[in-house]
Amino acid sequence: WGLLLLAVALALGGMAAARCPAPCVCDNLRAHVLCLNGNLTAIPSTIPQLTKKLDLWGNSFTVIPVGAFLATPYLTHLDLQRCKVERLEEGAFRGLGRLVYLNLASNSIALLYQESLDGLFSLQQLILEGNRIEEIQPGAFGHLGSLTVLDLRANALVYLPDMVFQGLQVLRWLRLSHNALHVLSSEAFTALPALRRLSLDHNELQALPSEALARLDGATQLDLGHNPITYVPEEALAMASLKHLFLDHAALQDVAPNAFARSPQLRMLDLRENQLRGLPPLAGVRGLARVSLAGNPLLCSCLLRPFHNWLVRARVQVEGACAAPPALRGRPLDSLRPTEMRCGRPRLRPSPAAPSEQPRAAGSGQCPQGCACSPDFRHGSCENRNLREIPQGFPGDTRLLDLRRNAFGTVPRGAFPGLKELVSLHLQSCSIGVLRPGALQGLESLVYLYLTNNRLSTLAATAFEGAPRLAYLDLDRNAFTRLPTGAFQLLPNLMSLHLQHNAIEELAEGDLSGAGGLRWLYLAGNAIGHIAPTALAPAKMLEKLHLEGNRLVEVPTAALRGLPALSELKLSQNPIKHVGDSAFLPVASSLQHLYLDNMGLEQIAPGAFAGLGPKIRSLYLESNKMSNIPDMSNFTGLEILNLRDVPFHCDCQLLPLRRWIDKLNLRVGATCGSPAEARGLKVKLSTTFQTCPDWGRGKAEGASPDKTKAASKLSKKKRSGKSPARGFKKSRA
């Protein structure tokens, strides 16, 4: 016992003796160092050696160099969120053999090198959410033998190669949601024997990646929701342990009777919000307990009777209601009697043929020289072959064609003959400067077109002629100085338009003519300084409008009129100094997410948020210059409120905000910028409000004397230069 006490004393003495680097806060008792929301550009070299938890949230490192943490070998938790990290050098984390938690979320990392994560053999959780990762080099995770959770959500992954997760022998949850995945190699998930949960929702998978998923014998939960999957074929899922399957919000039109026969443990099947008019009895799923069909256009005729009878026999709970015939509209499926499900008009439309049943087009066994064609997945690829002309002769049933990273320069008229079934076309980084009229002629099934990172500066009105089903158009990183007027007239189904990081200077009247079905418009990183009042009027169904990183000097209030469905508005990083009264009133009935951060905003008028209320779920105001904000007490539905790096003047005028923050169960990050005695303190902990005439009323309404006393002590410590030893998790809020 004596030796143990001596070791503890030496450890605490080492932490106490080490100098705490400015502007950090050191909790010696917990071996925890916090350097939050500072201006650090390099990892501090004077962090105490015995530190176990290091929180560097909100700094500006750009690069994590080799051996950046060699001086802190006892770290177990490292937080590098929102640090503007672009690159992890090979060997950046060497020496951190005790680290169990690493958070690199919300940075700008684009590539994981083979040795980027070398040395982290004890790591259990790795958070890489919200970066720009497009590629993972084989072996990048090879040294993470203890990892149980890998979070890669909200990156830019489009493809998973074979063995990409090799080495993750004990991984239990792999999170790949909100990427752009459309191709998974057959061996992508090989060597994941302990995986129990796989999240692939919100990607661009057009078919179930059956072969890749078959490698996951132990997985119990699979999330494939929000993918454009239209059909689940026979024996599509061979996952012996699967219990929970999510296929909600996809584009399903039909499910084969034996689709899940090779997943005998399945207990819950979520098929909400698809296009299913009916289902057959499902074979081979004797343990199935629940099926959710809510939000499907179910036709409760005699053709649905076999499925209904099966539900009763198998004692499967069902969620969903009839959409037709009119006499049964709105009736829950589980309330129907077989005699009510009669045949007659309208009749159930035949389901689309399964891919295996569709006739193969002439020449389906061919493939252009130098390219690769997969008949099973109906994919063709000539990526990075230095081609000067677009190859022809792909199988007629090709659905995905990947021609990225070539040097075509021009896409001529009729460049893709015989590809009537093509759904997704990838032409990123092909030096394309001209898209000839009729270039897409004959692509009648095309839904996705990617033209990112090319040299396009204009488009003819007939550029998209022949592709009427086009819904997702990506023109990011080209050379447009204005929207290609007239080009959307032939695209009645356009839903998502990306024109980020071009050189667009204004949005003029008529720019979006024909885009009546547009729901998502991404215009970040342009030079937009003016939006005409009627510029957005054609897009009456618009839900998301991203305008961050432009040159707007005021909220485009007039242009927001006529957008009754707008739920997300991003104005971050625009030089808007003042937000006037009723700035968001035209979209007040629908707006849920509002981004006003990093603008140098100096003043928000008292009535700026007029009309906004319980529907607002997230509000971002961080990194601005105003000293006060309007009353937001009616924002009762808030889930996220970010007020970090705002220099609030903590006087009696701010008391209503202080009281409101006290009642919120949210981390808001509000700190005082003045007066001097309160500078740097959290608004909710500042004692300057105690001199206000209404302070006593606030206490009577529920302020805690203990809390006030604690805040006063903390204020004294702050002014004396002493660092409090407890409560750092709360102060991080």
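Each residue, glycine too, has its Cβ placed from N, Cα and C.
Features of the protein shown, as given by TrEMBL:
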type	residues	note
COMPBIAS	333-343	compositional bias 'Basic and acidic residues'
COMPBIAS	696-709	compositional bias 'Basic and acidic residues'
COMPBIAS	714-733	compositional bias 'Basic residues'
DOMAIN	19-53	domain 'LRRNT'
DOMAIN	296-344	domain 'LRRCT'
DOMAIN	366-400	domain 'LRRNT'
DOMAIN	647-693	domain 'LRRCT'
REGION	333-367	region 'Disordered'
REGION	692-733	region 'Disordered'
SIGNAL	1-18	signal peptide
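Nonlocal intrachain contacts for the domain 'LRRNT' (366-400), taken as residues 6+ away from its ends with a CB within less than 8 angstroms of a stretch CB, comprise 182-183, 206-207, 211, 355, 358, 360, 406-409, 411-412, 415-424, 426, 445. For the domain 'LRRNT' (19-53), DSSP puts the residue distribution at 0 helix, 7 strand, 28 coil. Residue counts of the domain 'LRRCT' (296-344) by helix, strand and coil are 22 helix, 10 strand, 17 coil (DSSP-based). The predicted model assigns the domain 'LRRCT' (647-693) a mean pLDDT of 85.
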